[in-house]
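Okay, structure first, notes after.
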Amino acid sequence: MACNSSGCESGGCYDREKENGSKIVEDAVVGVCVKCKCNEPKTFGDGGSDDGKFCAECFRNNVFGKFRLAVTSHAMITPSDNVLVAFSGGSSSRVALQFVHELQIKALKNYEASRDRSLPVFGVGVAFVDETAAFPALSMETIDAIDWIRSTVSNFSPPAKDLHVVPIESVFGSDSLDPRDRLVKLLDSVPDDTGKEDLLLHLKMLSLQKVAFENGYNRLVVGSCTSRIASHVLTATVKGRGYSLSADIQHVDARWNVPIVLPLRDCVRQEITRLCLLDGLKTVELACRSQSGINDLVSSFVALLQEENPSRECTIVRTAAKLTPFYFNKIPETDDSNVPMATQRRLKRFNLKYDGSMTTEAFCPICNGPKNRSDSSELDTFDESQESDALYAACCSSCRFQILPEDGSSLEQFGSFLPDHMISQVKHQKVHSQNDLREKIKDCLLLDDEEAV
Amino acid sequence: MEAKSKKAGGSRLCCLCNLRRPVLKRPKTLQQICRECFYEVFEEEIHQVIVQNRLFKSGERVAIGASGGKDSTVLAYVLSELNRRHNYGLDLFLLSIDEGITGYRDDSLETVKRNEVQYGLPLQIVSYKDLYGWTMDEIVKMIGLKNNCTFCGVFRRQALDRGAALLKVDKLVTGHNADDIAETVLLNILRGDIARLSRCTSITTGEDGPIPRCKPFKYTYEKEIVMYAYFKKLDYFSTECIYSPNAYRGFAREFIKDLERLRPRAILDIIKSGEDFRIATTTKMPEQGTCERCGYISSQKWCKACVLLEGLNRGLPKMGIGRPRGVNGDHRKETKKLASAAKSIESKQCGSLDF
Ligand SMILES: [Zn+2]
Ligand SMILES: [Zn+2]
Ligand SMILES: [Zn+2]
Ligand SMILES: [Zn+2]
Ligand SMILES: [Zn+2]
């Protein structure tokens, strides 16, 4: 059976070809690309089921096509946008950066070719979060990584891209006295290892949001691929975060100040890795801290499943995609006519179903996950004048368990270490709910402002 | 909860009663407690689940699916105890299915028969021969070992319902525990079955059908069930289904055990996630009709069991497994669904032959 397939490399075929006296290609690949039917297929030798079926060009077009479809069908990037790409140095965000760059080059060409020059070219910036404060042992590697990132970003062809190196402790704001120390104390007061890891991730997102907002970006591109999202689906499930899960895995997540978009959501890690190989894209992985918690256990579980069935990751993400998204899982509607008609039409075609009855009122101040009613109902039993109680009541049940310290006094201290942004969310939760309620009924309100109430 | 358990670590006394010496670490909470307190929290939690979810009404005739395995044995013991203690007013009895597997059922049925005497619960045995006209041994002889799990799953799933209908019960209770439900949640995510995902955490299912099924052990950890059986010296039978060569589900089971080791609460968290998933009501379940042949609930013209039986009786045992052929064959897609549905059922039942 294998002998009929174009990419067969087994010794049996090879020998037979030889005996037949037919011409042998250097790497023993026979046949042509199944897509274009003319180029020589590319063999990556990574054990993938489609390895050796497509030529390099068709493979690349396919991956880029998925990226572009995600971008256009969800209006992730429009001409007037200013886009910040979160770049960790890893392969996914490297590919995201590359693709966004290519999109920008195309937009530039179109701009220069068009007569009226009506569509501007969107801007691109790059952000790297420096986590040295949390991992002092990685300080040397991080310095090298930043040097490398700087040269990578400056080597892109114009338009030039700004690079923002963001120390993670910048979440505490510029007026914080010793932000590094505060970060260490904050992390140290989290008893659970997985909780600590997750808190750091939340802080990282917050610092990206901060730098994006302060520098006038209106989109944050995150390079999460299908494989990454599949792991997230399982970790969220295992942590009891089933309710908020559907908020995290959509193409667009606009619950933040600066909406997050995931253009590589439909590409698997193997494709990303191959693309890096093909394009000679260099990456840098900062030596991963030893993981021993839930997240790591899930990763190895997913790897095992993937071995058993190479399409498992996709199935997992497809399951989660059937969950009902939230009202904020789309680019907020603006009445700006900058969104081209074609995009508007496409958006209609991909129209996601929104169940109005399922919108939530409150978000967890730590993970920013929408809270289920069952989480909120427990709120009644606490005295909210007590600040630590208010924090406890405002958090989702998952953060309560794995991030908040257990006893009252350390909880109070923990609250004092948290970024002011998170704490202010606790205080303004009631105001937020009001706004969210308003959002739900706004089509029936006759006046635009609060005064009507 | 963890905080308490850590503090209890150094003390010499049970952290619940502060009177007796702790003899066990409670799997769900890691609290070190004495035997008496364990019995009490174990039983009380189940009682609370029954009360809060209004599982039963006084005067109902309730069949306990009894396989002789640990889950159903502990369930029978605890239910009859709670029924007495809290005056549920239930007419309880044990319902056992004899699949006709030589060597397997013989022993486990003996166990159930002993339970009948020990717990004072009447026992009714319904055999595959009664229900389907075939014993499991006969089926395996016909189809070989390879595809038997499709039969295992479909026949066993229906057997309890059919037996219950035969005996005119109001409700059927099964021993599915928290680990089973967590595993089902994961498996439904892994195989993309959103409809099953939406209802697999329901404590009662089939309320619209003739006989509702419920799971009083929904929040009860498997380890605690084993522990309860161990300390109470309950008589149960334990073996792997001799006709179950499947491996796939093993991953999920192993994963849950690893998780539990790392964070006992994870099992409950998975169930919570399963309850909280935002699933639009329209996607919940395909409309269910009844089988034209036997009247059992079915979304097809014929139910799965009838399709399989038709194949057996016509000497085409592969019918209904994988490739569509035969009566539902024109519904290509649906038949495929049948096969996958059968697979999803095999998940627990085939491993341990425990209801
Ligand atoms: Zn090609
Ligand atoms: Zn949270
Ligand atoms: Zn005690
Ligand atoms: Zn079986
Ligand atoms: Zn039927």
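Keep in mind that glycine also has a Cβ here, set from the backbone N, Cα and C atoms.
TrEMBL does not curate its annotations; it predicts them automatically.
Annotated features in TrEMBL:
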BINDING   B:G65, B:A66, B:S67, B:D71, B:I97, B:G175, B:D180  ATP binding site
DOMAIN    B:62-246  domain 'tRNA(Ile)-lysidine/2-thiocytidine synthase N-terminal'
DOMAIN    B:289-319  domain 'Cytoplasmic tRNA 2-thiolation protein 1 C-terminal'
Reduced DSSP assignment, B:A66 (ATP binding site):
coil
Report the largest Cα to Cα distance, in Å and rounded to a whole number, among the residues B:G65, B:A66, B:S67, B:D71, B:I97, B:G175, B:D180 that the record lists as binding ATP.
20
Looking at the binding-site residues B:A66, B:I97, the one with the fewest other Cβ atoms inside 10 Å is B:I97
Taking B:D71, B:D180 as the binding-site residues to compare, which has the smallest set of other Cβ atoms within 10 Å?
B:D180
If you draw a 10 Å sphere on the Cβ of B:G175 (ATP binding site), how many other Cβ atoms land inside?
26
So what's the mean pLDDT when you look at the domain 'tRNA(Ile)-lysidine/2-thiocytidine synthase N-terminal' (B:62-246)?
85
DSSP state at B:I97 (ATP binding site), helix/strand/coil:
strand
Taking all protein chains shown into account, the Cβ-based neighbour count within 10 Å for B:G65 (ATP binding site) is 26
For B:D180 (ATP binding site), name the DSSP secondary structure in the helix/strand/coil scheme.
helix
